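Asks: Have a look at this one before I ask anything.
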Amino acid sequence: MATPTHDAGHAAATSAPGMPQLNIEHFPNQIFWLAVTLVVIYFVLSRVALPRIGGILAERAGTITNDIAAAEELKAKALAAEEAYNKALADARTEANRIAAATKAEIQGELAQAIAKADAEIAAKTAESEKAVAEIRAGAAAAVEEVARDTAAALVAALGGKDDAKAVNAAVDTRIKG
Amino acid sequence: MATEEHAAEGSTLVFHPMDQFIVKPLFGEGPVAWYTPTNATLWMGLAIVAVIALLVLSTSKRAIVPGRGQSIAEMAYGFVYKMVEDVTGKDGIKYFPYIMTLFMFIVCANFLGLIPGSFTTTSHIAVTAILGFGVFICVTILGFVKNGTHFLGLFWVSSAPLALRPILAIIELISYFVRPVSHSIRLAGNMMAGHAVLKVFAGFAQVAAIAPIAILGVTAIYGLELLVAFIQAYVFTILTCVYLKDALHPGH
């Protein structure tokens, strides 16, 4: 871009009338160099630039896809871990309940056994006591009979009766039984 | 300086807004042969350098988390890739390197052309015509190779009433052959017009009275041209995709 007024006379002399674009003399030159330029650009693009940029874009897409897949995997792992934790928690709770129930049953059993044993002892003691009471009662009855017989015999003797032991005994027995 | 020259010119403003488009040999004077390195050669070479810097050097680290340069490269790749995929479908993907080549060349050449003092290669009809007719010829050959005579179904609108079809066929045929012309002139015209307008505003900046307005105008037009530089590259690319889609799937 020469300044329009620079060396105006010379410029006026050299500038062709009309449009320089229509100067056919210059066409072969421009066409030739255009062809060279286009071929060079085409080879630069198709051999170097486009495969490289395409590769970069594909690589990036791949990286993003891989990262997303890895994130999904990690998410799945986290979910699995949470599930495992919940399961362990539930298991522990069941186990605790089971142990508690077992202990309760054991204690209940021991308690029942102790109660039964105590009951048996009490029953034995009661029976023994009853037996002793019966013995004492029997002993007392026998003593009463003997005392009655002796007393009756003594009374008969004192009253001047004949010491008829047989009759006295019979009389006492009837009296006691009656 | 400007005012002195004004006086010399007899108070006539002299604009040469088209001088920026003149193709000159880089070394010395003389005729421009087909092989002569010219300013067009230089700025096309710089476009190659820009493409390499944008897409190759910036991605050399192959970072998973991209840096600034790599983001731009990936964005450009994704932008064109998605365009090709959306417009032409899955089977158009194998032509992606060609379309990417077109897009990267046009976008780099357009933006390099906006550097003050630079030469805008895409403002030349010779350049854009090669691009446009190149696309046209490739797509037409591809259409016949892929679909045979079925490709002509593109011109035979089977959904229209039978009586209208021959008329529509003529219209379709004309529009088909106008495609490369509009395709190339659209790009060259936009680039040339914008740069010429910039130059005209710059010329008005010589006059002290309107210089602030002219400079404001240059700034505003420059902003617009930045937009146009990208949009024209985008339009060229998406139209290429549309033509490619017509070649791959003519029946509709």
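Cβ from N, Cα, C; glycine included.
So TrEMBL lists these for the protein:
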- B:40-58: transmembrane segment (TRANSMEM)
- B:95-119: transmembrane segment (TRANSMEM)
- B:125-145: transmembrane segment (TRANSMEM)
- B:152-178: transmembrane segment (TRANSMEM)
- B:198-219: transmembrane segment (TRANSMEM)
- B:226-245: transmembrane segment (TRANSMEM)
Asks: Which of B:40-58, B:125-145, B:152-178, B:198-219, B:226-245 shares the most C-beta pairs under 8 angstroms with the transmembrane segment (B:95-119)?
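Replies: Answer is B:226-245, with the largest number of Cβ pairs below 8 Å.
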Asks: Looking only at residues six or more beyond either end of the transmembrane segment (B:40-58), which have a C-beta under 8 A from one in the stretch?
Replies: 23, 26, 67-70, 72-73, 76-77, 104-105, 108-109, 111-113, 118-121, 124, 127
Asks: So which of B:125-145, B:152-178, B:198-219 has the most C-beta pairs under 8 Å when paired with the transmembrane segment (B:226-245)?
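Replies: Answer, by Cβ pair count: B:125-145.
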